[in-house]
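For reference, the structure is listed below as structure tokens.
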Ligand SMILES: Nc1ncnc2c1ncn2[C@@H]1O[C@H](COP(=O)(O)OP(=O)(O)OP(=O)(O)O)[C@@H](O)[C@H]1O
């Protein structure tokens, strides 16, 4: 929680103002019972009307002033806490955007969403409450006790019974409720995870008739959330009645013993009324403090979850000084690279060495899980190798800044991620200043121009969320056009032609070859027809290189490649 204090620093002036205003308004409020006692004991007893009117006027003035100050405090506290929330959310978002993929996978998107929204809101709310209570409650408590004791020391003995009782009760309630706050946040995580998976996987769920099973999964998560919520509220619901009992008990005791003392002539009526009000102030301030202390652990649980994310060190960091390009532009080289995902027993790729030259195309083939995508992600430095080096333009990728490395690469991922907005906005993603002509040119090369032109508003047509109003192949083609527009030195296509029919696939690769010319093109392909024209084909088998060569060489000499060719010929034959 303390680590979060730095986010309040920019608001230190507002915080000081809150303290000063609360201080004044609380002192003013503490004056009221004494003035009221004087109205009764001096004004009414002596039938002194001018005194009653004057003192009454002062009391109204004080009340109005206290109200104005309190409104200002409420406004400033809201401003500080909302501003705090905005800054933490922003830092968290930026931090997560720069996360290594490993950290991202470790916490998971559902929990990251909960932490960025719900958890920060918990801290924000408690901060708001604390700002309003932190000066007011202690001052009112101490001031109330001093004024009550100096006014009626004997009657104050009642507090020796009620105050410990109140503190003990609140402590017992809080002790049971606090551990449940962390559980409640975890239940929120789970609920978010289930909702996210159910919504993104809605087609699969329907196709596999899993709607009922998903409903059950959702109900379980929803009920677990509800049950924990009810449990917390059940415990907290005891708080209010308990506090009311203590307050009423104190009232009755004061009136009872006060009446006896008045009867004995040891105390005046006005004095007892003032004492009663101070007693209420003491109890209310104690309740306010206790409630804050009950809420703080809840915010603490959330702050811990937020800090856990903020403190995750970026595993992929930029060098202090960037090394300039040494080799030819577009040169990609793997030197004896081995990489293992965190927690995995076996390396995903092992002792990989190859060279991709500018002006040439390199295709990577291999069975599922052979490590093809892993190789691509190592070039982009989404991960760093366990041993060996990946070089781009003759420089170890660790010695380039991530920005300049990725600036050199046009990447088309396996899953075409598009964003809300028009087609043109999506294509301009990496080069916002590109003209319409440039956009149309890359759409033409990516074989996307026809279906874009068929749309009423052409490149200005809106894409629904992540391009749900497009087919898989259409999304892939837009994602290819997006990478082409940047005119990078290296083009990487991770299985980006799989959703295309044979004819479009062939046309697209031909157009790409003409467009890319001097650039380096690396692509992962599943079909032999897709990879056979490449200048070199890298055959991967269970994370290792089984062979490198042209289609003709590999067909002649490489058994793994021969098996892939045969299995696909068999499939083709089977289909016919
Ligand atoms: N994020 C990850 N964490 C742990 N292991 C992973 C992760 N991603 C992939 N792997 C493992 O690494 C190995 C290589 O995976 P990779 O995605 O590179 O294969 P691929 O050849 O691209 O497969 P496909 O053709 O099915 O896409 C697989 O055994 C896979 O289970």
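Note: Cβ is positioned from N, Cα and C throughout, glycine not excepted.
Note that the structure is predicted; figures quoted are calculated from it, not measured.
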Per TrEMBL, the range holding transmembrane segment, considering 187-210, 211-234, 235-258, 307-330: 235-258
Annotated range (TrEMBL: transmembrane segment) out of 131-149, 340-358, 359-377: 131-149
155-174, 395-414 - the range that TrEMBL marks as transmembrane segment: 155-174
Stretch in 131-149, 155-174, 235-258 most in contact with the transmembrane segment (278-296), if contact is a CB pair under 8 A: 131-149
Beyond the flanks of the transmembrane segment (155-174) by at least 6 residues, Cβ under 8 Å: 145, 148-149, 235-236, 238-239, 242-243, 246, 249-250, 253-254, 257-258, 261, 267, 272, 275, 279, 282-283, 286-287, 290, 293-294, 297
Cβ contacts under 8 Å made by the transmembrane segment (52-77) with residues that lie 6+ beyond its boundaries: 14, 17-18, 21-22, 24-25, 28-29, 31-32, 35-36, 38-39, 43-44, 128, 131-132
